[in-house]
Amino acid sequence: MRVIRDATLADGRVRDVRLDGETIDAVGVDLDGTVPIDADERLLLPGAIDAHVHFRQPGASHKETWATGSRSAAAGGVTTVVDQPNTDPPTTTGEAYDGKAAFADDSLVDYGLNGGVTESWDPDSLFERPLFALGEVFLADSTGEMGIDADLFADAVERAASAGVPVTVHAEDATLFDESVLPRGTESASGGDDDPRAEATARDDPDAWSAYRRAEAEIVAAERTVDVAADADAQVHLAHTSTPEAVDIAADSGLTCEATPHHLLLSRDDYDDLGTFGRMNPPLRSESRRGELFERLVDGTLDIVATDHAPHTRAEKDADIWNAPSGVPGVETMVPLLLAATRRTDLTVERVRDVTARNPAELFGVAGKGRIAPGYDADLALYDTTDVTEIDADALHSKCTWTPFAGFEGVFPVWTMRRGERVWDAPEEAFGEPGGTNVRRRSP
Ligand SMILES: NC(=O)N[C@@H](CC(=O)O)C(=O)O
Ligand SMILES: [Zn+2]
Ligand SMILES: [Zn+2]
């Protein structure tokens, strides 16, 4: 059996980790084994579970594919991804689920597939499939225009609850967006010559996106989601919460929530550098809200970090703020950014382990993942925490070829293992073979 020698675990203990095929056999000191893999006291983390990615197939393979997206994941220490339903066709029927599952065969990492909700969804066939979760359920339009109304949302949450499937929610209330900042003639409320909105308030600077999809729209939608979850007695998770208020609402009411690296590390102050490449939903918030969100990462209030990896091409993003698509890539830079942050903030490596692996596995019930312990999958990534690099878009592997984190510090994995198989070897710049499996297809 192979033994990873002298790995430093997140809590600082130095241990050997013995592998039996795809599984961790033992964690201990001076373990016997035939094939040694030297960790040299570098940091060994459980492979991260990114519960929120958009890998764009079917329908938009010019932005990302399962092959490119999953390589980007592996090169960032992520060994499981959860794909969202706003593809083309949307994953709102059993047939669409099966179609996406065929694309996911190309995945280098393990995965879950979510089901989505639109007026024309087919819950009967959809819930026959092994959904990772129902979601993200869009309470406002985002990429894919899958925003739904309150009644359908309540129905969908009830269906999920009776099927025992968790629900993840994109919580923004479009009726609270500030249309006064829109240019004349763009939205439903805009009229002709008698448009009531003052010319002076219309904006076209990138920060206008944050002014438009303002924080209150998320906070109110989060509150409404709490009520819907309680009525249905459902397990509900708030996706990409961008405000400390929404995190607190979740924490106080039995919901769980996630934050993205971009909402934790970027703010409205960064539009000067990012321009329209900084447009995403929910949008970047004030620097003070960003700081309060980061505090909730550090202090344990936040349940998980997930990336909302939402690639669009450079050409697509290079438009005015009202026409650029929403979303930024992130699956490859999540763990590297968080590990680098442990060097200059109060964030601990144990917390990074928990929010990227242990907690997502526990709260979504992912069998056999999220821990370095006997019986768990050998999903592992090794990091040299003294090797801090400056993030460079050219060195990343997403098909979109850009990152909002260029120039940020990152600690990237030396290698990444998916169920015992090396899927990324940084010194060799070599990927393994596809072979990712659907985490909901195995017996618990
Ligand atoms: N976050 C985004 O701005 N965009 C996402 C959709 C989403 O998660 O809302 C995308 O798929 O492009
Ligand atoms: Zn979303
Ligand atoms: Zn998303």
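All positions are counted from 1 along the displayed chain.
Placed from the backbone N, Cα and C atoms, the Cβ positions cover glycine too.
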Listed in TrEMBL for the Zn(2+) 1 site shared with His52, His54, Glu136, one of Asp303, Asp308, Asp318, Asp320: Asp308
Further substrate ligand in TrEMBL, beside His54, Phe55, Arg56, Asn86, within candidate set His312, His397: His312
Residue in His62, His240 which TrEMBL records at the Zn(2+) 2 site where Glu136, His170 also bind: His240
Candidates His52, His54, Glu136, His170, His240 (binding-site residues) - the one closest to His312 (substrate binding site) by CA: His54
Spatial neighbours of His240 (Zn(2+) 2 binding site) that are distant in sequence (at least 6 apart) but have CB under 8 A: His52, His170, Glu258, Ala259, Thr260, His263, Pro282, Ala306, Asp308
Composition by DSSP (helix, strand, coil) of residues within the domain 'Amidohydrolase 3' (342-400): 19 helix, 7 strand, 33 coil
His52, His54, Glu136, Asp308 excluded, remaining Cβ within 8 Å of their centroid (Zn(2+) 1): Val53, Gln84, His170, Ala239, His240, Ala306, Thr307, His309, Ala310
Cα proximity to Glu136 (Zn(2+) 1 binding site), best match among binding-site residues Phe55, Arg56, Asn86: Asn86
Residues within 8 Å of the His54, Phe55, Arg56, Asn86, His312 Cβ centre (excluding the substrate site residues themselves): Val53, Ala60, Lys63, Glu64, Gln84, Thr87, Thr143, His309, Ala310, Pro311, Gly327
Shell list (Zn(2+) 2; ref centroid = CB of Glu136, His170, His240; cutoff 8 A): His52, Gln84, Gly135, Phe138, Ser142, Thr168, Val169, Ala171, Leu238, Ala239, Asn281, Asp308
